[in-house]
Amino acid sequence: MSEMTPREIVHELNRHIIGQDNAKRSVAIALRNRWRRMQLEESLRVEVTPKNILMIGPTGVGKTEIARRLAKLANAPFIKVEATKFTEVGYVGKEVESIIRDLTDVAVKLTHQQAMEKVKFRAEELAEERILDALLPPPRDAWGQNEQSEDTSNTRQIFRKKLREGKLDDKEIEINVAAPQMGVEIMAPPGMEEMTNQLQGMFQSLAGNTSKKRKLKIKDAFKALIEEEAAKLVNQDELKEQAIYSVENNGIVFIDEIDKICKRGESSGPDVSREGVQRDLLPLIEGSTVSTKHGMVKTDHILFIASGAFQVAKPSDLIPELQGRLPIRVELEALSSHDFKRILTEPRASLTEQYVALMKTEDVDIEFTEDGITQIAEAAWTVNETTENIGARRLHTVMERLMDEISFDATEKSGTKFVIDAAYVQQRLGEFVEDEDLSRFIL
């Protein structure tokens, strides 16, 4: 779990996302509260429930980007899902409980990676010994036991030195490595996961833990043997317990496009992918127990962050019970031309930086001037105002149109330098920005 302070989290988010300070503060506080809760005594910790968040704002202002960046910062089980993917229980489609199953899978993978990292040094030592045994089989005595001699030991040290220096990487050896497990995917109806897991376990046990002799280059054999030895050093049952504990106490679920499951007006017949999904989300957010292939998972302390543009629907169109379970409301603001200008230059790996790097691969130098960047930002903002406002995503469309000619001719213009100034931007984009019909269909 991340131990970053709210200020540090906001600072890290600022490196990738422009503006939206209120949203950043809310998610930073929510993330820090996960850590604070874990410092409490057990009796009080159980009572402290997460304050779920509802982010409201037009499309393209950074809601999903905040989720993406938060996933990297959290160092905890994190999953982002689209609300529109789910249907009510009993109908064809994914049910909302699969969110927790997927989150548990993420946690198991994360815990497994962390455990493998801890034993990596020991696994490398064991893998090295197995490769040296394949290169220099130890001599055996009359009883078939390994016999160590000074000469053998010296030769082994010479080979060990060469192996560590990478001088033997391309040499081929024949070695026993674990055969890949037979993957059996069984599709089962909702609620039958336990039976599916038992069948999968049965098929895998039939295959057994067989090893197979393979001819590999030493560098490839070394990687395979490290994984094999590390897996032997890790207790899989303990890993599952740790993963479930991590999900229950540190798990974060980000539900995007929640406005798309709001009920719109009066409609007859069952609303299986809208209000039905909202009702199914209630017990999950309030706290329930979900059966997964790794064990039972309680959702009482999982943090839920929901987001939606709410351009057609309103937050009040969500069913009242769900509104009550998302107590923290954050409104994200629409982006101005000044914000667009900052987006083009300030974030790490900004759009302009990406295009400069891409063209550099063709030995073409690109320079964006200050007035050129201002003109690009103005063009994107103007098109958003006159047509549909799609936020920062408009910059991708505008930049592609602007760089179209240079990108196409880059191979023939190797060694050339292009300066993207206001005049060049006006020449390439002027007619599209000024003509509403052209901007509507092309930009």
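Yeah, the Cβs are placed from backbone N, Cα and C, and that goes for glycine too.
According to Swiss-Prot, the features are:
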{"type": "BINDING", "residues": "Ile18, Gly60, Val61, Gly62, Lys63, Thr64, Glu65, Asp256, Glu321, Arg393", "note": "ATP binding site"}
{"type": "REGION", "residues": "137-156", "note": "region 'Disordered'"}
{"type": "COMPBIAS", "residues": "145-156", "note": "compositional bias 'Polar residues'"}
Report summary line: For Ile18 (ATP binding site), the number of neighbouring Cβ atoms whose distance to its own Cβ is within 10 Å equals 21
Query raised in the report: How many other Cβ atoms sit within 10 Å of the Cβ of Glu321 (ATP binding site)?
Result: 13
Query raised in the report: Counting every protein chain present, what is the number of Cβ atoms, excluding its own, within 10 Å of the Cβ of Lys63 (ATP binding site)?
Result: 26
**Report entry** Neighbourhood of Glu65 (ATP binding site), C-beta criterion under 8 angstroms, separation at least six
**Finding:** His16, Ile17
Report summary line: Around the Cβ of Val61 (ATP binding site), other Cβ atoms within 10 Å, all chains included, total 26
**Report entry** For Glu65 (ATP binding site), the three-state class that DSSP assigns
**Finding:** helix
